[in-house]
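Features of the protein shown, as given by TrEMBL:
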DOMAIN    17-132  domain 'Acyl-coenzyme A oxidase N-terminal'
DOMAIN    134-236  domain 'Acyl-CoA oxidase/dehydrogenase middle'
BINDING   138, 177  FAD binding site
DOMAIN    278-439  domain 'Acyl-CoA oxidase C-alpha1'
ACT_SITE  424  active site, proton acceptor
DOMAIN    479-656  domain 'Acyl-CoA oxidase C-terminal'
C-alpha cells in the first residue's frame, strides 16, 4: 500500500520536538536548512537514482558514476551553489567518485603546502575543474610508513627539473582514488634527492594525462587496481596504480611553502614553519570523524526503523507478535550505537573548532598544542572509524536475514565504509602514535610543565591515582562528574601502568614493541574519555528545548555506561570502581534503554535523511517494508526470464540424466 506510514504510531510516542533535535544534530539552524534543502534537491532528481547500482557490471557502474559526478558539477554551476552547498550536494549524491579526492585531498594539500604563487597558479584550475587531481602517497609496499616511500624526485640542475622515478615494483603508487582512469594531475609524494643527498619526503604536482586526449604522458604507466570488496560500494571509484620512468617536471612544481629547492639545487627552509603541514592532516582527520557519525547514523536509522516494523514471537491469544525493538537483547545492541552516532557527531563538531583553533595558532607561530592535537585527531580517527565499521555490521545483524540483502542498504554501506579503518593511517598504528605522546606526557609530569588540552587531566595525576568512585545507587551514575572522574581515573591509571612497565626496559623501543597491545588499550581509554567529555560539554551548552536536552542526557548516559559495561575489566582492574558499582551502572543502563525506547524512531528521524540517501527498503521513512522487498525482488536481472539462461545446456541434461551426451 502506498502512502501508509507504518511508523506513525511510533512517532506519536516522541517526548521531544523532533524539529529542534534536527537543528541540534545539524549544528545550527543555518546548517540544518542548507542540508535539508540540498538533500531534497538530490532526492527529487531522477538523474541521481541509485537503486540499480549493485546490479551493474563494473564498467557500466563506473561510467554511470562519471555521469553523476559530471551532472552534479553542472547543477552546482547552474544553481550557483556556495562551497558549503556544493559540498553537501556531493555528500547526498552518495557515490564515491574522483571528485572526493580532488576536493578532499588535492585542493586542501595545495592550499596547505603550496606557496602563494603556486596557489595562484593551480587553485583556479582546480576550483573550475579544468584539471582533476588526486593524492598519490600510498605505494604498493608502503602505506602507514610514509618515510619508507620509495618513489624518488631527483633534481637535475642542468635542466632545472625534477626527475620523478619509480625504482622498484613496490614503489608503484597504489590505491589513490581517482587515479586509475580520471585524474589529469597527481600530488605525488617522493624522496627528494639533490646532489646525491636525500632530504625526506616532499610533495610534487605532476601532470599524468594529456588535457587533449586523456592519454598517459610519456614515462607514465597508469591504470585501475581492480575490483574491491562489495557490489557497487567503493567500486564506483577508480583506485589506481601509477609508475614513473624518469618523468621530468619543472622545479616550481614541488610544493614549496615549507621548504624549497633553489636553481642551484640547494634545499632551503622557508620562513613558514614546517608544522603548518599538520593543518591539512588535522582537516582531513576531523572530516573523517564527522563522516563516521554520518555512516553510523545511517546504519542505526535503518536498523531502528526496521526493528520497530519487524515483529517476531510473543503473540498472546492471537494478538500481534512483539516488535523486535522491544526485546532487551535488541536494545542492548542497538541503543549504544544510536548513542555513539550522536557522540561522534558532537566530538566531530568540537574537532572542527579545534582545526580552526590550531590553524590560528600555527599562523601566529604558536606550536605548543600541536603534539596534543596530533594525538587527538589520530586517536579519534582510529576510534570512531573502528566503532563505525563494527557498528554497521552489527546493524546488519540486527536486521536479521533481510539485512543481508543489498536492498537493505547495509552491505553496500559497510563495503563503502570499511576502507576508513586503513586510509589516512592504519587504526592500530594511529593508536600507537597516540600512546607515544601519552607516554611522553606522563614522563614529563614531574617537570612542572602542565599537560594541555585533552591531556590536561593527567596534570591531576595524584588525586586520580587515589580516586575511588563513591556511587551508592544506580541513579548516581547519571551525575556527569561521577562518570567523567571514573573515565579520567581509568585512562590515567592505564597510561601510568604502561609507563611504569616501559621504564623497566633498558631499550625503550624494545619495550614499546613488547607492550604495544597494552599501549593501544591505554590509548583507546584516553580517546573514549575525550568523546565522553565532549558529549558532557555539549550538554552544558545552550540546547533548544528542555525535553531535547533530557533526551541527549539519556543518550550521553547510554554512551558512557555502555562503554563502562563493555570495558568493566579495565575499571575493576584499575580499582576505579567496585564490582557492586559496575553492577549498578548496568542496572542504570537498562533503565536508560527503557527511557529511550519511546523516542527511538524520533531520534533517528532527527538525522533528517531522505529515503534516497538511506538507499534502504528496510529503513524507509514510512516503514512499508514487505511490499517493497517483494516488488524489488522481481527487478533483479535473473528474473528477466522465467527459464534461466543455461537451462538447456546444464539443468535439462542433469534432470534427464543425459550428462554423457551433453556438451558442458
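Note that Cβ sites are derived from N, Cα and C of the backbone, with glycine treated the same way.
All TrEMBL annotations are machine predictions without curation.
Small disclaimer: the values here were computed from a predicted structure and weren't measured.
Straight-line distance linking the Cα atoms of the residue listed as 'active site, proton acceptor' and residue 138 (FAD binding site), rounded to a whole number, equals 10 Å. Between the domain 'Acyl-CoA oxidase C-alpha1' (278-439) and the stretches 17-132, 134-236, 479-656, Cβ pairs under 8 Å are most numerous for 479-656. In the shown protein chains, 23 other C-beta atoms lie within 10 A of the C-beta of the residue listed as 'active site, proton acceptor'. According to DSSP, the domain 'Acyl-CoA oxidase/dehydrogenase middle' (134-236) comprises 10 helix, 44 strand, 49 coil. Residues near residue 177 (FAD binding site) in space but far in sequence (CB under 8 A, at least 6 apart, same chain), listed by position: 96, 98, 100, 101, 134, 135, 237, 238, 239, 240. Across the residues of the domain 'Acyl-coenzyme A oxidase N-terminal' (17-132), the predicted structure has a mean pLDDT of 95. There are 20 other Cβ atoms within 10 Å of the Cβ belonging to residue 138 (FAD binding site).
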